[in-house]
Amino acid sequence: MIQSQINRNIRLDLADAILLSKAKKDLSFAEIADGTGLAEAFVTAALLGQQALPADAARLVGAKLDLDEDSILLLQMIPLRGCIDDRIPTDPTMYRFYEMLQVYGTTLKALVHEKFGDGIISAINFKLDVKKVADPEGGERAVITLDGKYLPTKPF
């Protein structure tokens with residue numbers, strides 16, 4: 001039976017335990033996701049408490065991380081999503097995403113509406129990918145793809 005969570009703390013505690021196990025075992029998120037049939041970004045989001053894993057994937061991930069049965073069950077429960085503190089992020093990486101939306105949020109909104117009409121980009125029917133590519137000017141660049149289904153606003 002599908003279960004739901006109403007408290008974010010239990011999943012945040014599980015995420016801390018998962019990250020500790022991941023570090024002890026020297027596993028990457030890609031290695032943990034391997035064999036689940038799910039995208040690395042989706043499995044990572046589940047491990048960090050923002051998505052629910054199907055039972056088979058939760059068991060596979062649980063075995064790789066030596067999680068107990070309760071933790072494997074928690075990974076399958078629908079989490080309280082978007083439960084990051086309601087304040088400006090202080091972590092430098094997360095702050096840069098916040099900053100990007102502060103600078104480009106209105107641009108993204110204007111372009112989405114111009115190209116699609118009044119509506120939103122779904123975060124439910126959504127895919128995320130992060131790639132590291134060489135920068136022709138030296139160093140490396142991050143290519144982040146946000147791929148969400150467009151959902152038009154419908155008058156009623």
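Quick reminder: no glycine exception, Cβ is built from N, Cα and C everywhere.
According to Swiss-Prot, the protein has these features:
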| type | residues | note |
| --- | --- | --- |
| ACT_SITE | Arg96 | active site |
| ACT_SITE | Glu99 | active site |
| ACT_SITE | Ser122 | active site |
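Projection of Swiss-Prot feature records onto the structure.
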{"residue": "Arg96", "record": "active site", "contacts (Cβ under 8 Å, 6+ apart)": "none"}
{"residue": "Glu99", "record": "active site", "contacts (Cβ under 8 Å, 6+ apart)": "none"}
{"residue": "Ser122", "record": "active site", "contacts (Cβ under 8 Å, 6+ apart)": "Gly148, Lys149, Tyr150, Leu151"}
